[in-house]
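Everything below concerns the one structure shown next.
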Amino acid sequence: MGYRNIFISSPAKLSCKNRQFILNTDMEYSIPIEDINCVMIEDLRCNITAYTLSLLAQDGVTVFICNEKHLPIGTILPLWNHSRQYKIIKSQLNQKKPFLKRLWQSIIIKKIENQAVCLSLSAKEGEQKLFAIAQNVKSGDVGNSEGKAARYYFQKLFGEGFYRGDDCITNACLNYGYAILRGVVARNLATYGFENSIGIFHHSEQNSFNLADDIIEPFRPVVDLYVKININDDLEELTPKIKQGIFNLLNCNVLSDGQVHTVSYGIERMVKSLSNCFINDGEKLVLPELMPLEQHLYE
């Protein structure tokens, strides 16, 4: 999997030649396809060939397409890349409810713990209460500890008057970041042979990404922390600079099973561990731990 995230916010012609991704604006840029993790095509005036899209999908690159408001509206995901896809999907369908409920419990515990760390890193009070809530999450999150934690957490992080449904710059930034994470999670699930519509907890018939919406949960505080640190309430709109900063969170560090990795690779490790959990009894789910926001340094 590549490590470069390409953000395109002005008119460009996008093509491929000799396994190089070619970006033509006023100048020509060339990037090896194997180095690319994600491409965000924000400007609707960009032109890209079907051949280029085919090569990017073949290499597992997540391509985000934006609408006229420059917000992600779709992704291009790889299909049938996994040699054991039938086995993976069959295992998804055959999992027992008690096992899935324990998986969901572990995901929600880590999400709430990361929310607590986010409060601490933001110099906000309330982390101990969130850790206490995390310790009391039951199998399947019976009692909805996730919802109780969220109501407390967002008010502590962004202020007493903040609500997730509000039309404000903070929510716009959060939604933008979550959409990017969701696309990368969905890409990794497809790459590892999972059927995205078959969730652990989410089961909406109208949602093609139930499983992605399960796996994204412990990664959300990465976006929350960035927005809290970098976004002021007096901003009126999502600027290209803000969006590029949020997009670059994919290269920020998280702790994954005791090792420091990028958010992108942390997602891949979690998805790979989910595959092992479904196929091999006794395997554990590798969950991310929130760290101070720093770009990963590649050796």
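Please read every residue number as a count from 1 along the shown chain.
Placed from the backbone N, Cα and C atoms, the Cβ positions cover glycine too.
Nobody curates TrEMBL annotations by hand; they come from automatic prediction.
Pulled from TrEMBL:
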BINDING   E146, H202, E217  Mn(2+) binding site
What kind of secondary structure is H202 (Mn(2+) binding site) part of, going by DSSP in three states? coil
Cβ neighbours within the same chain of H202 (Mn(2+) binding site) - under 8 Å, at least six residues apart: N210, L211, D213, D214
Cβ-Cβ distance under 8 Å, sequence separation of 6 or more, same chain as E146 (Mn(2+) binding site); the residues meeting this, in order, are I108, K111, I112, V137, E217
Could you name the residues, excluding E146, H202, E217, of the same chain that surround the Mn(2+) site, i.e. Cβ within 8 Å of the Cβ centre of those residues, in sequence order? W104, I107, I108, K111, D141, F201, D213, D214
Neighbouring CB atoms within 10 angstroms of the CB of E217 (Mn(2+) binding site), all protein chains considered, total 21
